[in-house]
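Quick notes on the structure that follows.
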């Protein structure tokens, strides 16, 4: 208990901790929302791929001194397009196409990062370092959060219908490809923000785990989005506390909390019906 | 009238069918029958503009089908859908209004009322708050028919709507189809159960890698056509039975 009080005392004293908390909250919200659509569309692997594929973009941005969002979204969207291109122009299945493209991007990213080594810390990019976010990072994250909310509010019905029933959306003339690639673009922006809190390797956990947890509790998409954002925020804040108190890397701390919330929901959610299922199997 | 002219569709190099020409009349329920792989779904996909056609075209009252895309409602087979999706019956029916609403407009009072009315027509109002995975196959099919109702389309295409559903749902759906017919809409149904062909359909298209025959159901549904589309065995079984009953 004393450590929690200490944490709040420190929160009052240190700017860096306040920045970290603010970033954690914003990233929790955006990844929860976008992650919901990712899991409902059966695109968890795609989410993982895009989050890894931004690495060369991050490196290039450092090298050229441009905003990291620009570099990352360029490579993120390029990877999404390439994955779609390979899958649609060959008999190769989408998951294979994803595997080939994202690993290549990731590999390229490593080499570029090592070339730009002097100005970047690979460890922080890979595992996150939420205690070192700058004011400009916070601004960037706030802008991305704004974009995410605007995107989802504006295109809610299109995101809903293409996630649930793409064939139907096509029959009434909706351009489902545009929706798909717009979502991929927003996903890359979220990835870049989440990279600060959990790092590239664990971004996928922030996208998928809170959304999966929320899915276990509700049958309404709107509720799922909100609940998923709440799960993301709770995980991020609690993870930050552990990270500060025990000096753990912030990424793994946040992701473990998210996983714990999932595990509890898996056991206790009425929709999941874990106990009933078990009983009926044993009968 | 929906007119298909000289339509040729091929996957890779083998044509599914060549030079198909057929008309679908307004104010009629038209059934499409044929053996598996005869090209029934392919014909529908071509009409819906889902696949590239090698030759020919489809038009509706002289306009290209692409220009009247919002006038088509399609009730697809249910098997490919994620029934665990967090959506309830009412919200699913309301997606039927999305096409007419277009981008940047959200469903309002009018759309909600239309969805409510459509659910009433298929007698599912009491299920409106239920998650779609908790419905029987027949109830779910009625929900999709309700979505087609709110689309207010002129052309309605249904892909095997009666597969695996209860009799009550089948009757309810048939009643909606008849209602659409009375409103002079064009209704196209891919069908597999040969027994009810003449009972359900006004017109019939018999397909087997091309048109075997089409016209009024009670004229084209005969032993010769069934024999050439399916097999002599099936034809003799179906039509002997019929004579036996009479």
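Including glycine, each Cβ sits where the backbone N, Cα and C put it.
Copied over from TrEMBL, here are the features:
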- A:20-40: transmembrane segment (TRANSMEM)
- A:60-86: transmembrane segment (TRANSMEM)
- A:98-118: transmembrane segment (TRANSMEM)
- A:138-160: transmembrane segment (TRANSMEM)
- A:172-192: transmembrane segment (TRANSMEM)
- A:198-217: transmembrane segment (TRANSMEM)
- A:224-242: transmembrane segment (TRANSMEM)
- A:248-269: transmembrane segment (TRANSMEM)
Practice task
Answer yes if the transmembrane segment (A:20-40) and the transmembrane segment (A:98-118) have at least three CB pairs under 8 Å among residue pairs 6 or more apart in sequence, and no otherwise.
Solution key: no
Handout entry: Touch test for the transmembrane segment (A:60-86) and the transmembrane segment (A:198-217), at least 3 Cβ pairs under 8 Å
Key = no
Handout entry: For the transmembrane segment (A:198-217), distant same-chain residues with Cβ under 8 A (at least six beyond the ends)
Key = 27-28, 31-32, 34-36, 38-40, 44, 47-48, 51-52, 54-55, 58, 124-129, 187, 190-191, 223-225, 227-232, 235-236, 249-252, 254-255, 258-259, 261-262, 265-266, 269, 271-272
Exercise for the section: State the non-local partners of the transmembrane segment (A:98-118) in its own chain: residues 6+ outside its ends, Cβ under 8 Å from one of its Cβ atoms. Expected result: 45-46, 48-50, 52-60, 62-63, 75, 79, 82-83, 86, 92, 125
